[in-house]
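Chemist: Following this message is one structure expressed as structure tokens.
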């Protein structure tokens, strides 16, 4: 509140609160209006202190008055409020806002200023007629006149409020979208830097974006100063100086100087245009940041409508900062490339460079029927989440009765208080001073002696946090002593003396009381025998008691203690007895006017009080974690455990609590997760496991910081190596305190002899999804700092495993490793001695490491009589792991054994090929293999070898020694080419080399240069591969056929085709040659694609060594031009074998049904009896329909079942429909109740038109006069026929009339008018006016009267033209929207009723009823419920449905904690 509330004194505030907002209203001004005004000042670059004086208010009025006529409601309210404040400061008696505004207009001479402005405008307009030079208009034709020439002088004309208002509206609506840059260019054309700064200053709510623009301005200004250094020496008298960067930005230059630089300087420097370019650069950067999605990332979803994808694509294109040529290339290549597979198949069939209209037309059905189901599913999900939020909001406790802040009585608010206004402190609540002068704060005190001697300081200790959550502050629970490193017991602090009542004191035995923090830690202490209720404050240095609670005798010294709120005079009594629990201590007591009694550290420290937390380093940063949006924590019951496991869990938890890694909690935490334990590998110890599956579902998603395991072949060769392991890695990193409550778990008691012991984690727990990522990130940041200090060491980290190498001798290396361990220990990361490996071989991540070589840990293949799917999976996994060092391993036939099998325990029958492959692999593994380390600067060579069965093997070598090996299998394609597989293998090699060594290898491939280049010349676009060296290795044999690019002369041409009847599955295939040779065969149980391929096979069989083949099948063309060498299709294999035998083959595709000679003849031969044409008889009817209604081709195609090309041809033959092409119909995103209305003129008559924005449905008629009465009648007609909730019109007098306003009030219609400088405001109605006139022009000859033509045109537009969303007519679309809305409302009602029920359910054979869950759906035999974030299905017999009548309260709600409601609790 600050200065805003101090703008008026008490007397002025009383007068201010008696002024009414409106002359006839009851509401009056309140303090909240002053607070709001203070915050609004920042938007206009004004200080809120200006509200405190009459002169300040006058300055504010001068700024706001030009903007008030066209300003927003908020700006007008601020202007009115400042006028009222001006009158209050001036002691003018006013009753309401209107009187204040009238007084301000007279006092500030605003009326005279308006008259002078009108007079100047009149003189300027008359001067323009007389003076040819007149006003300098910017070249873009903008009406923002920056200056006017009067004689030889230039006078600045500021921007109009309308221009500023349009700029503010544009920014508020577009939010720095791609449209904001052209909008700024249009509005700022010809402006001076002063005008541009004024445009930036009105954007008060976008400080982040303005800061980006400011940084760009500073950079460009610095570049300008470097490129234009100032001249040496002083300037001659009268010469205008050159502008600097700050001058161009308008910070160090006046408006007159800017005008002189622009218009009169020699040479002229257009500082306004230069500054505009700088601002545009900044705005473009803002647009990029506010629209972070790149056009490369715009991809069509599987069920997304193609039109929606196009809209997103072009929106991203507009935000891209690229040239027009680049954007054109992006549109042509990416729009089709990033479409979903369904649309991509359709778009590729359109040929090269299809138009956008053709693409939208072809793909308009994608996402249609299923899109509605998707919307309904999302709505259902939203309703569920809203219902959960509403139910959650009802769990809070009831609000207390209202209390007056002025008099302190209950039952009324401050604004209703009849007593005089009291000036009261907002912090302590006492009268007589303001909050800024308050001295009664409880803060971190520090002693300031009166005599000015040196300040006393108390010793500082580590702050730790231990277990809390006892049910009462008076309950005492013994706890083990904190670690000795934290605080030494019995150590006194600054003159305090400690005395124990007995040797059996709990504090002397190393046990102290624990206090919960769910309420204030207040205890009863005895000071000189007087019981005092005091707050135990570890943050306060001193003990201070209220004068009313304690009166001490004896000598005292005056002191001043300082806090944030100021100094406080106290009395200091030294050496006073204080008894806290069983401890009797002597120390210093301060007596003063404190709001609450405080026991500080001078008493708590000698008493042995400590804040105990786990052994988690306070230096380690805490990573904030939260739940997913709308998710809640786990509420799972603990399942039964055996006595042995309960005892083991209790021992583990006692140790973890002693180390501070977990903390005890009480029943106020409502969350719980089941816990259990298992025996470790050595069977001597237990391991605690917590089932965090439910919490993992609700926790936010994380990204794995480390994406793979470091490979030993990528390590450099080191003379010394050490392998470390961080013990209890997760337990070393603290967990976000706000998230700890969700990790709560319970250890039950045997036979339920007592309540279970509850804990929560203070560190990262095992099994939680966030632990790996947080640990990786935290450990990496710690090691980064250590690496800078221990530069001789090379440290490689993967999770908690560390590989440390160096080139030092053994002694130095061990010393550096010990330093590393000490530094890790200082951060709280321990490295146990038993996990430190100092001698080779080192076991690390499944490898065996030596300083000069590495191996894979021994792998043994089992011999079993019976193998299951799970056994085969484990076997293949072992072989894949071994393949990185053992060359020649194969798994293709082993994988075939489990293809299609899903049950892991299903028995597998071995094939002969798999047994041979298994035996070969066993022989390979018998020979021990080893790899070497990487030598920087030496080239890496990759040798590729082809194995049997389409499998490949490769080796990475360096100086003849093997770094690593691997294997590769062909992709899962039906038709493959080994050269394409080889290209994929090379890509894999290069990617693997870049990941491990960061460089590309020299490739040795089994292929000849000429053979590869012959294939690569035509198929280079299939993938990217690097350059390689062709070496003398066994070449890949050429087993593919040759396709020529030009027809083979003097050879016969075979036109092939095939056809199939879809019902009978019978077909024909054949060919016809240019010399008349032909052959046609009948086929059974075939398809169109198979028939096309069979025709090609027949042509190959009957032709010579050279052949020309022409087909109209893109399917066959696509397969054969890829030159496959093997295929899973027998027919393709036969065609490949025939083509390999040919010397030359020319294969060409032509479009079908285009009248091409041989193709048309063979098509007739194979189509006879197969294909039928059913639409010919409908063409004549369609032509008659179009001559009457002139409907578009979509309507003709749907109504009469015509192909699109036939329907388009009918429209093209009509002379009246060839004025312009067919428009692409698109609809804006609007609700079903939004209409736009406008008046247009035709043949001297007024036509009023209304359009339903979402559907394009129009209502129109001729009205006698353009008046409010006629407009209201027409509006009533629409209201009586269609649902209308919002009406948008322009600012015409008939639309803003009282008749229309009354009709909108009666019909509950929201009426909005057009926005200046916003071309989209009335876009729908303007487009419909144009279309309506075009239709009328086509049918005007058929009717006598204009009124008839208008109604006929409405009928044609609404019922005879299809397009837009769903390919429907506007009438169909409107009815569909209304029906859909009714269905959704009905569905919402059903969902709401269902969600009011709760379900208790049983799972499997578990007799315990669980729940309650939320009922989502109920059928005859099953129900679907929601438990947590999962949807589950249960049989009806295992579910009980009840109605939830009353919301339940949980102890974990924050509203149940004392102190959560404020200081009064």
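Placement of Cβ uses the backbone N, Cα and C atoms for every residue, glycine included.
Keep in mind that what you see is a predicted model, and the values were worked out from it rather than measured.
Below are the features I grabbed from Swiss-Prot:
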DNA_BIND  1397-1444  DNA-binding region
BINDING   725, 800, 801  Mg(2+) 1 binding site
BINDING   1238, 1290  Mg(2+) 3 binding site
DOMAIN    532-603  domain 'Peptidase A2'
DOMAIN    659-849  domain 'Reverse transcriptase'
DOMAIN    1048-1171  domain 'RNase H type-1'
DOMAIN    1228-1378  domain 'Integrase catalytic'
REGION    842-850  region 'RT 'primer grip''
SITE      233, 234  site 'Cis/trans isomerization of proline peptide bond'
Chemist: Cα distance, residue 725 (Mg(2+) 1 binding site) to residue 1238 (Mg(2+) 3 binding site), nearest Å?
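Modeler: Computed Cα spacing between residue 1238 (Mg(2+) 3 binding site) and residue 725 (Mg(2+) 1 binding site) is 77 Å.
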Chemist: Determine the mean pLDDT over the DNA-binding region (1397-1444), rounding to the nearest whole number.
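Modeler: Summarising the DNA-binding region (1397-1444) by its mean pLDDT gives 80.
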Chemist: Under DSSP, the domain 'RNase H type-1' (1048-1171) has how many residues in helix, strand and coil?
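Modeler: Per DSSP, the residues of the domain 'RNase H type-1' (1048-1171) fall into 45 helix, 35 strand, 44 coil.
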Chemist: Using DSSP, how many residues of the DNA-binding region (1397-1444) fall into helix, strand and coil, respectively?
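Modeler: Across the DNA-binding region (1397-1444), the residues distribute as 3 helix, 31 strand, 14 coil.
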Chemist: What does DSSP assign residue 1238 (Mg(2+) 3 binding site), in three states?
Modeler: strand
Chemist: Take the mean position of the Cβ atoms of 725, 800, 801, the recorded Mg(2+) 1 site. Which other residues of that chain put their Cβ within 8 Å of it?
Modeler: 724, 726, 729, 798, 799, 802, 835
Chemist: Validating a neighbour-count step here. Other CB atoms within 10 A of the CB of residue 234 (site 'Cis/trans isomerization of proline peptide bond'): how many?
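Modeler: The Cβ of residue 234 (site 'Cis/trans isomerization of proline peptide bond') has 7 Cβ neighbours within 10 Å.
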Chemist: Of the binding-site residues 725, 800, 801, 1290, which one has its Cα closest to the Cα of residue 233 (site 'Cis/trans isomerization of proline peptide bond')?
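Modeler: Ranked by Cα distance from residue 233 (site 'Cis/trans isomerization of proline peptide bond'), first place goes to 1290.
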Chemist: Near residue 233 (site 'Cis/trans isomerization of proline peptide bond'), how many other Cβ atoms are within 10 Å of its Cβ?
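Modeler: Around residue 233 (site 'Cis/trans isomerization of proline peptide bond'), other Cβ atoms within 10 Å: 6.
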Chemist: Other than its own, how many Cβ atoms are within 10 Å of the Cβ belonging to residue 800 (Mg(2+) 1 binding site)?
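Modeler: Residue 800 (Mg(2+) 1 binding site): 19 neighbouring Cβ atoms within 10 Å.
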Chemist: When you measure from the Cβ of residue 725 (Mg(2+) 1 binding site), which residues in the chain that are at least 6 apart have a Cβ under 8 Å away?
Modeler: 800, 801, 802, 831, 832, 835, 836
Chemist: Write down the Cα-Cα distance for residue 234 (site 'Cis/trans isomerization of proline peptide bond') and residue 1290 (Mg(2+) 3 binding site), rounded and given in Å.
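Modeler: One finds 60 Å between the Cα atoms of these residues.
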Chemist: Using DSSP and collapsing to three states, where does residue 1290 (Mg(2+) 3 binding site) fall: helix, strand or coil?
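Modeler: Assignment for residue 1290 (Mg(2+) 3 binding site) reads coil.
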Chemist: What three-state secondary structure does DSSP assign to residue 233 (site 'Cis/trans isomerization of proline peptide bond')?
Modeler: coil
Chemist: Work out the three-state DSSP category of residue 800 (Mg(2+) 1 binding site).
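Modeler: Where residue 800 (Mg(2+) 1 binding site) sits, the three-state DSSP reduction gives coil.
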Chemist: Within 10 angstroms of the C-beta of residue 1290 (Mg(2+) 3 binding site), what count of other C-beta atoms is obtained when all protein chains are considered?
Modeler: 17
